[in-house]
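Some features that Swiss-Prot has for this protein:
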COMPBIAS  564-574  compositional bias 'Basic and acidic residues'
CARBOHYD  Asn11  N-linked glycosylation site
CARBOHYD  Asn19  N-linked glycosylation site
CARBOHYD  Asn338  N-linked glycosylation site
REGION    551-581  region 'Disordered'
TRANSMEM  57-77  transmembrane segment
TRANSMEM  90-110  transmembrane segment
TRANSMEM  146-166  transmembrane segment
TRANSMEM  181-201  transmembrane segment
TRANSMEM  224-244  transmembrane segment
TRANSMEM  270-290  transmembrane segment
TRANSMEM  307-327  transmembrane segment
TRANSMEM  370-390  transmembrane segment
TRANSMEM  409-429  transmembrane segment
TRANSMEM  434-454  transmembrane segment
TRANSMEM  473-493  transmembrane segment
TRANSMEM  513-533  transmembrane segment
Amino acid sequence: MAGIQQQQLVNDTLPASWNGSSNRIASVNVEEGQPQPWVDDLDLEDPNHQKPGWRKFLSYVGPGFLVSLAYLDPGNLETDLQAGANHRYELLWVILIGLIFALIIQSLAANLGVSTGKTFKHHTSWILGKHLSELCKAEYPKYVKYCLWLLAEIAVIAADIPEGIISSLLYYFKLILDTYLLIGTAFALNILFHIPVWVGVLCTGCSTLLLLGLQKYGVRKLELLIAVLVFVMAACFFGEMSYVKPSATDVLKGMFIPKLSGQGATGDAIALLGALIMPHNLFLHSALVLSRKMPNSVRGINDACRYFLIESGFALFIAFLINLAVISVSGTVCSAQNLSSENADRCGDLTLNSASFLLQNVLGKSSSKIYAIALLASGQSSTITGTYAGQYIMQGFLELKMRKWIRNLVTRCIAIAPSLVVSIIGGSSGAGRLIIIASVLQMILSFELPFALIPLLKFSSSTTKMGPHKNSIYIIVISWILGLGIIGVNIYYLSTGFVGWLIDNNLPKVGNVFIGIIVFPLMAIYILAVIYLTFRKDSVVTFLGPNKNDPQQQANMENGLGPEMERVPYREDLADIPLPE
C-alpha cells in the first residue's frame, strides 16, 4: 500500500512535459509531518523577508573553502614542487586550466546537492536533499555500484604493492590520500620542533580529532578555522615568493602559453591535473552544501547556486595563487645559475622534507620555518576535509549506521597505521619514500575521475534529478567537452605509457605477452565502463515538481516566478559530526 501511495505521489507531481505518466522509478526520502508555512500565504512585502545581499551570501560561505583544501594538500604541494623543479614555469597553464575546470565541475556538484530531492507546494510530506554518492547508490544497479567500489580498492592496492604497507585497508577515494596528508604534517612538526617523524604522525592523528571536535559547537566555527588555515598558507607561500622574486614575464608565459617540452612533461602535467581534480572532492562538495538551510523555491535555489559559485570561485582563486607561488618558488630556486651541486641533487629528487632544506640553504633559516608553518596548515586542514569526504562516501554508498564519532576514530587510526609503521622503521627517509609513492597515486586518481565525473555530469543535466535547475545547454556542452577531454587524455596516456613500457622493459618476451594478455583486456573494460556510464539512461526520479493539475504552479516553477518559501528541513546528519559527551 505504501508503494502505491508513493507512486501516486510521483504521478501527481510529474511535470507536464512528461504527458502525465512515466515508467521511471521515483527515489524519495519522505519524512512525514506537518508542512512548514509557506511565504506565499503571507504578505510578500513583509519587511522581515530576507532579500539577496551580503548577509544572505555570508550564510552560504564555508563549503568552498573546505573543498579548496583538496587543491592545497601536501601531496598536491609536492607535485607542484616537482613540476617547478623539473620544468620551471612551463606547467603553470595546467594549473590555470585545471582550476577553471575545477570551478565548473565543483559548481555542478554544489548545484546537484542544492537542487536534488526537492518538493513543491501542496505536498503533505518533505523530501530531503541527496548528495552524489547517495544518488549513485539509488541510480545504478548493484553490480555497477560494487564495481565502482572495487575500482577504488584497486587504486588502494596499487599503493600497497610497492612498499608492502597496509594502506589497502583504507577505504575509498578519501582514505588513499591520508598517507601523505599525515606525513606532510609530521614533516612540518619535524622541521619546526625537531621531533621524530613518528611522533609527528601520532600528534597529527590526535590533533585532527580535536579539531573535528570544534564542529560539536557549530559547523561555522570549523569552517572559520579552515578559512584561517587557507589564508595562513597563502601568506606563507607568498612570503617565500618574495624571497626568490621570480620573473613576472616568465610566470605569465607559463600561465598562458601551453607547452609540454622536456622529458616527463606529459606525465607531470597529468599528475598535476590528477592532483587538482580529485574524485572524492565531487562527493564532498555535493554533501557539504546540504548542511545549509535554504528555501525550496526556484528563486531561492537559484540564489543559493549563485552564492555557492561565487564563494567557490573566490576559494579556488586563492588556491590557484598558492599553487602558482609554490611552482614559482621551486622553479626559480632550482634553475638559479649559482645553485650548488648538492642543492641541484635535491632539486632532482625533490620531496616535502628535502624542499625545506633546499629553501634553508638557498634562502635562509627563516624561509624554511615559513615553509614548515604552511605545510603544517596544509596537512591539518587536509586531514579534516579528507575525514569529511570519507564519511559522506561511506554513508552514501554503504549506508553505514555506525555512530559518527566511532567511524571518525576508526578511520583516523587506520589512516595513521601505514605512516606510523614506515616512519618508525625508516625515519624521515622512509616517510619520504612513502610520500613519493603517494604522489604516484595522483595519476591513479586521475584515471578514476571518470567514475565520479560522468555520474555528476549526467545527474546535473537531468530533468529527473534537477528539474528546472538542470544545466543550460551551454554548460552541458562545456562541461562534457572538458570531461571527455580529460578522460581522453587519461586513456591516451594510459595506453601509450603501457605500450612504451612493454617495448623498453627488460622482461623476457613470454613475460611481456603474459602481461599484455592481462592488461589490454582491463584497458578495454575501462573504456567500456566509461562508455556505459556515459550513455546509460537515468531511471530514478529525485525531483518532484508542483501538481500537474495546477497550471499556475507549473508556470511558477518553470519560469522562476514562485514566491520564497519557508526554510525546509535540512540534512542534520551532514551538518554535524557529534563526538561523545
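Cβ from N, Cα, C; glycine included.
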Message = Six or more residues beyond either end and a Cβ under 8 Å away: which residues meet both conditions relative to the transmembrane segment (307-327)?
response = 56-57, 60-65, 67-68, 71-72, 76-77, 80-81, 83-84, 89, 91-92, 95-96, 99, 102-103, 106-107, 110-111, 114, 230-231, 233-234, 237-238, 240-241, 251, 255, 276, 285, 289
Query = When you measure from the Cβ of Asn338 (N-linked glycosylation site), how many other Cβ atoms are you left with inside 10 Å?
reply = 6
Ask   = Near the transmembrane segment (224-244), which residues from the same chain, at least 6 beyond its ends, have a CB less than 8 A from one of its CBs?
value = 62, 65-66, 68-69, 72, 211, 214, 315, 318-319, 321-322, 325-326, 328-329, 332-333, 359, 363-364, 367, 370-371, 373-374, 377-378, 380-381, 384-385
Message = Can the transmembrane segment (57-77) be said to touch the transmembrane segment (270-290) if we require at least 3 CB pairs below 8 Å and skip pairs under 6 apart in sequence?
response = yes
